[in-house]
Every structure is written in C-alpha cells, then in structure tokens.
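Trainee: Below is a structure I'd like to ask you about.
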Protein chains: 2
Amino acid sequence: MKVVRVSIFGFGTVGRALAEIMAERGRRFGVELRIVSITDRSGTIWGDIDPLEAKEVKETMGRLSAWDEYEVFDFSPEELVQEVRPDILVDVSSHDEAFSMYETALKEGIGVVTSNKPPIANHYRELMKAAEEGGAGLFFEATVMAGTPVIGLLRENLLGDDVLSIEAVLNASTTFILTEMERGSSFEKAVEKAKEQGILEEDPSKDIDGIDAMHKAKILHWVAFGQEAEEVEVKGIREVTDARRVRLIAEVSKGRIRVQPKRLSEGSPLLTEGVLNAAVIRTDLLGELVIKGPGGGGKVTASGVFSDILKAASYMKPLR
Amino acid sequence: MKVVRVSIFGFGTVGRALAEIMAERGRRFGVELRIVSITDRSGTIWGDIDPLEAKEVKETMGRLSAWDEYEVFDFSPEELVQEVRPDILVDVSSHDEAFSMYETALKEGIGVVTSNKPPIANHYRELMKAAEEGGAGLFFEATVMAGTPVIGLLRENLLGDDVLSIEAVLNASTTFILTEMERGSSFEKAVEKAKEQGILEEDPSKDIDGIDAMHKAKILHWVAFGQEAEEVEVKGIREVTDARRVRLIAEVSKGRIRVQPKRLSEGSPLLTEGVLNAAVIRTDLLGELVIKGPGGGGKVTASGVFSDILKAASYMKPLR
C-alpha cells in the first residue's frame, strides 16, 4: 500500500472533522494516508500524528501547542512546506494570504488541496501555472458548495461541452436571513438570529454584502471559462425589503460575474432552504443541469476535502 | 499533439451526433482524435474517416456500405478489435452482446467507452477485471441519465463518502406516459401518443415494464457499492390507474434494487417533466445531493460519450 504524507494547515471545525474522517477511512483505493503535521494558530506539531488524539487535544486544551508529546514549531507557511515536505498540503484555514504557500508547494511537486476560497479566487492562473511546473495537482472542491461536487462536475466531466452560464445560490447564511424575512422578521432581527445561531461571522459583511458568494463565483468562472472575469458586480442583501422568494444569486457567464438578490419564480431549483446550495449549469451540448446539496458544515466540507486528498494521492489530474 | 485513434461501433442517432461533435471539437486537452473505423449494420468502413462525410453518407444513403470510397469489411465485433486495433473503442450501438467485444478490447489495453447499457449492467465485474488486466479504462457515463454526469459524480467524486441510497427517475418515456395520464389520457392512448412521437421503441416493453430503468439501476448499484445487487424487483407502469404525481422510481441501496411506480410528494425533486432525469443520492458524510438533467436525445447522449472519450484519451482512470 502506497503511503501518502499529509500536512494539515488550519485546525478549526473543518480540520477536526477531516481528522475524524481520516482516522476512520485513512486507507482507500490502495493508498494509506498519514498525517505528518498539523498547524493551528499556536504553531505546528510535526511527527507521526494520530488524528483522533489531535482532535481531542484541540477540543480539550484549545490549542495544539499545549500538547506536550510534540515539539512545537513556529514555521511561516513557506517554512512549513520546505521543512515538513509532505506529499500533500491541505489548507482548511481561512488564511487570506495562503497563496504563496500553495505556490511554493506546487512548484516543489507537492499536491495542494484547499477549502480556502480567496487564494483560488484571486490567484487561479498563477497557481495552475505553478501546478504545471511542479507536475502537482491543485484541488479545491470544498471552496464552492462545500462537499457538493460542483467543481468536480465542471472540471472532470462535461469535457466536450462549452459552458454558457451558471446561476447559483452559493451562500446559505443569506438564505437563512432571507427566509427569516419571508416569515415576517425584519432584516436586523434576522441578522441577529443568524448571529445567535452561529451562522454568521462576527463581521457578517462577507456574507451579507455578497463577498463570499463573489469569491465562489470567481472560482466557478475560472473553472468554466479558464480565464478571469473582467466585469464583476456585487450587491448584497442589505436593501432587500420584500424578501418573498428572493435569494442571493450568483450569475456567471463568460467574462462576467453578477451577484445580487433576485426574486425567483415558484418552483425554481434555486429556491433553496436551509443549508442547501444549488447551481443551474447551462452548456451547449447538454442543455440545463441542476446540482443541489449542502453548502456548509464541518463534516460536509471535510467530505469534499477528503475526496480531493484521495484524488491528489492517486495522482488523478483533472484535465481543466 | 497526441493522436488518438477511435473506432465507432454503431452509427444511429447517437453515433451521428458524436461524429458531428468530433468534427467540431476533435482537438481538446492536448489530444487529437481521429476516427479510424465506423461500423453500422451494413459493415465496417476502415481508414482515415471524415466524420461529417460519414454522417452525410449514412443520412442520404441509409448505410455506410454504400460509400464507395472505402472498402467494406464484414468483421465480427472481436475481429473489429483485432484488425483495426484502435486506441479507443466507442460503442454507441444497442447490441446486447457487446460484452465480449469490450472484454477483448480491454485485455488488449484498448480503452472502451459505451452508451450501451446491458453489457455494463450484466458484466460489470468481468469488465472491470479485464480493464485492470489490460491497464485500460472503461467508461460508461452515457448509460445512465445520458450526458448528465451522474456516473462521473459517483465514480470520480465523493470518494471518501459511503453511498447509503439512490432514488432516481431514469426513464423519460414512462414520465411522458404518466404525465399524459395526469392530463386525463388513458394508459393506452398515452402509449399511442408516445409511439407517434418516436419516444417509445416498437416494442415498448423495455420502457413500460421497467427493463431500461432496471439496467440503469444495476449500473448505479455497481458503481455505488462495487458489488452486484442480490435482490432485484421490477414493476412497470402498466397497472397505474391514478397517475397523479406518479413517476417510475428506481431505488438503489446496498444489495437491493427496486423499480416501481411511486406517488411523490408535491415539490419532490423527482417530480420531473419531459426528458429530464433526476437522482437523489444520500451518503454518510455529505447527506443528500440532487442531480437533474436531460436523460436522452442524440446530442445529449453524445455529450457524455465524448466526455468519456476525452477521459480515456488522456488516460485519466477513475478510482472506482
């Protein structure tokens, strides 16, 4: 069985769900996955790491550096790659500047798997180039619709089709707020409730003003068209007063992204509830395709990350 | 650019739609596809074939053997493989016994792409073994939901998830009949209308009695569970009297397949219309995923076949 060494960068909800999955299913498709380092805000532990113990330590002690079985290293992201030299680097952090860490890894032939949106949304072209240079795979299923495989569907399927457009609900927090408003709540009260339930960040602007949906739309645009969107218009949900059948919709067509609240017709596949995301993909040969599934949550996101790790581990390279 | 030689077996609606796509998009992802033989009921033409000319000949003269630019060979399916020795064999016929042709090809390291259901439904295990022996890929996206990539979604994504169940509408002809009945038509009249519109075969039993849906469900079962279904129950739509919100539903769970008409709740994702197919896939990590798209038509089916040809041509091997 081929042994594949994995570094995990970030150890929040998704990282810990991933640890649990890797403990259970670390051997699949002729590959044995071993975690060789985990990094949280307190530092990097490096060695032969038991995923469940790491999860336990993090959950009881709050930080990995409190674990006295391991020396704790204060690596920069680039040093992490250079020192640990894993086979696969997994980023499940929300570190906005992770781009140069990926670039370093890919150029060294180290596969990169990530659920972190901004580095892919903003540096796709450079990263794909680095991946080609290093002969390594770059995988980012969980950046859009979490574990629901819309990225795999676009990158590894419909290979003869040309995408015409994508319309999608990519942010479930705004869906929560809008459905609360549909039930009679004010915008402010709905936002309060979303905060109470832990659905929104402390700075809720990323969700409410459409930034999160825009990052995801940019990634879809790169994958569907292989180029950057020139025109990007983003309008969040702050000005919505009548929320009936309104969702925050990302529209992606060649060269263009538009994120805005839209009133949908009864029975539209985009009229999602709860944590569901949905995308309507139109292509020239197939016509219209709908994919719908959960767009968030630790385990769901970790499912996408883990599937990507298995792809990277077996060197299956997407064609686009 | 790598040249990949393709043999096409079967030259009906799907084969001709494929020829058209290959003429337009024969160079993608660093691969140049060339058609080296086409077989229809009249024989095999062998040489450097222009796809659009072949389509033209077939449509004006009814059979390829009428084309005097090519010698016509009367190969058996196995002889075709042995003599022409393409890089990829594409079966877009409805030849029930194509299994041994695939086996011969795969063992010789020739990739097989097919839209023909029974050989995969009935011989999956032997074929996967032959594929492993020969180091060749076996691709069958278009056998289930035509070009809508449910097979790619299950084989090449969700790799860490265990599938719990699949519920799906896999046969659009029965949907046509049932929706006609919902509008007040009798079963017999609805069948007549479906025949008139060319939606049903002359022997409509394959659709109406659930045989087609069963073949597709068997393929989904193989892919989802890697084993044969032990219990298979099939009931068609002949006994449906009240068709309101009824569709022919295939239920697939480990070891078990059930195809039967079921009354769906309002708003069910399986309450499809027209040519649409839909599948609800439940897995342990992700939860519930819906994929919906066209399940038939020449161009739509050819889209799935062509995507598979590109996969086979670049030797991307699914992990399951």
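Positions of Cβ are set from backbone N, Cα and C atoms, glycine also.
Unlike curated records, TrEMBL annotations are generated automatically.
In case it helps, TrEMBL gives these features for our protein:
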BINDING   B:Gly10, B:Phe11, B:Gly12, B:Thr13, B:Val14, B:Gly15  NADP(+) binding site
DOMAIN    B:10-141  domain 'Aspartate/homoserine dehydrogenase NAD-binding'
BINDING   B:Lys117  NADPH binding site
DOMAIN    B:149-310  domain 'Homoserine dehydrogenase catalytic'
BINDING   B:Glu201  L-homoserine binding site
ACT_SITE  B:Lys216  active site, proton donor
Trainee: Among the binding-site residues B:Phe11, B:Thr13, B:Gly15, B:Lys117, whose Cα is within 10 A of the Cα of B:Lys216 (active site, proton donor)?
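Mentor: Of B:Phe11, B:Thr13, B:Gly15, B:Lys117, within range: B:Lys117.
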Trainee: B:Phe11 (NADP(+) binding site) has how many other Cβ neighbours within 10 Å of its own Cβ?
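Mentor: The Cβ of B:Phe11 (NADP(+) binding site) has 24 Cβ neighbours within 10 Å.
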Trainee: Filter the recorded positions B:Gly12, B:Gly15, B:Lys216: retain a residue only if its CB is under 8 A from a CB of chain A. Output in sequence order; output 'none' if empty.
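Mentor: Answer, by Cβ distance to chain A: none.
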Trainee: Looking only at B:Gly10, B:Gly12, B:Gly15, which of these binding-site residues has the biggest number of Cβ atoms within 10 Å around its Cβ?
Mentor: B:Gly15
Trainee: Would you mind ranking the recorded positions B:Lys117, B:Lys216 by how many other Cβ atoms sit within 10 Å of each Cβ and giving me the lowest?
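Mentor: Minimum Cβ neighbour count within 10 Å, taken over the recorded positions B:Lys117, B:Lys216, occurs at B:Lys117.
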Trainee: Ranked by the number of other Cβ atoms within 10 Å of their own Cβ, which of the binding-site residues B:Thr13, B:Val14, B:Glu201 ranks first?
Mentor: B:Val14
Trainee: If I take the alpha carbons of the residue listed as 'NADPH binding site' and B:Val14 (NADP(+) binding site), what is the distance between them in whole Å?
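Mentor: With distance taken Cα to Cα, B:Val14 (NADP(+) binding site) is 14 Å from the residue listed as 'NADPH binding site'.
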Trainee: State the Cα to Cα distance, in Å, between B:Gly15 (NADP(+) binding site) and B:Glu201 (L-homoserine binding site), rounded to an integer.
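Mentor: Distance (Cα to Cα, whole Å): 18 Å.
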Trainee: Going by Cα-Cα distance, pick out whichever of the binding-site residues B:Gly10, B:Phe11, B:Gly12 is nearest to the residue listed as 'L-homoserine binding site'.
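Mentor: Result for the residue listed as 'L-homoserine binding site': the nearest of the binding-site residues is B:Gly12.
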Trainee: Could you name the residues, excluding B:Gly10, B:Phe11, B:Gly12, B:Thr13, B:Val14, B:Gly15, of the same chain that surround the NADP(+) site, i.e. Cβ within 8 Å of the Cβ centre of those residues, in sequence order?
Mentor: B:Arg16, B:Ala17, B:Leu18, B:Asp40, B:Val92, B:Ser93, B:Gly298
Trainee: For B:Gly15 (NADP(+) binding site), just give me the three-state DSSP call.
Mentor: helix
Trainee: So what's the average pLDDT for the domain 'Homoserine dehydrogenase catalytic' (B:149-310)?
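Mentor: Per the prediction, mean pLDDT sits at 96 for the domain 'Homoserine dehydrogenase catalytic' (B:149-310).
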Trainee: What is the three-state DSSP composition of the domain 'Aspartate/homoserine dehydrogenase NAD-binding' (B:10-141), stated as helix, strand and coil residue counts?
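Mentor: The counts are 63 helix, 31 strand, 38 coil.
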